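Enquirer: Per Swiss-Prot, domain 'Globin' is recorded for 1-141, and the stated evidence type is sequence analysis. Look at Swiss-Prot and you will find 58 tagged as O2 binding site, backed by sequence analysis. What Swiss-Prot records for 87 is heme b binding site.
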């Protein structure tokens, strides 16, 4: 459960990334594909090379969805309902991949905003990303 302080920390971080959605999203995906190559199996039709237009476009979608969840932090399930349906019913993404993506996102935040990622903010972001992952996997059951 996200506390009021967690919510404030998450909103603070996401206020810094809105103008970098494509860049940070693509970097998160590239990092995930490199670190966890098994995640590439969901993107057989993508050019997965650095700088790929497809990775940039999908990265922007990922970052935009995370921003949407942060903007509706009191109703993440409502904000991501359609995305949850898509991943559970059509794409059938292995739920562990959401955790891997979250870890890569935290690394990207640490690289670009090291002073903002205090231990407290890191913990808040981790809780938020777990909440997002739980929402995205809730319709698998």
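Every residue, even glycine, has its Cβ placed from backbone N, Cα and C.
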Enquirer: In sequence order, what residues of the same chain, 6+ apart, have a Cβ less than 8 Å from the Cβ of the residue listed as 'O2 binding site'?
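Expert: Within the chain, the residue listed as 'O2 binding site' has Cβ neighbours under 8 Å at 25, 26, 29, 43, 46.
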Enquirer: Across the domain 'Globin' (1-141), what does the pLDDT come to on average, as a whole number?
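Expert: Taking every residue of the domain 'Globin' (1-141) together, the mean pLDDT is 91.
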Enquirer: Give me the DSSP three-state residue breakdown of the domain 'Globin' (1-141), ordered helix, strand, coil.
Expert: 111 helix, 0 strand, 30 coil
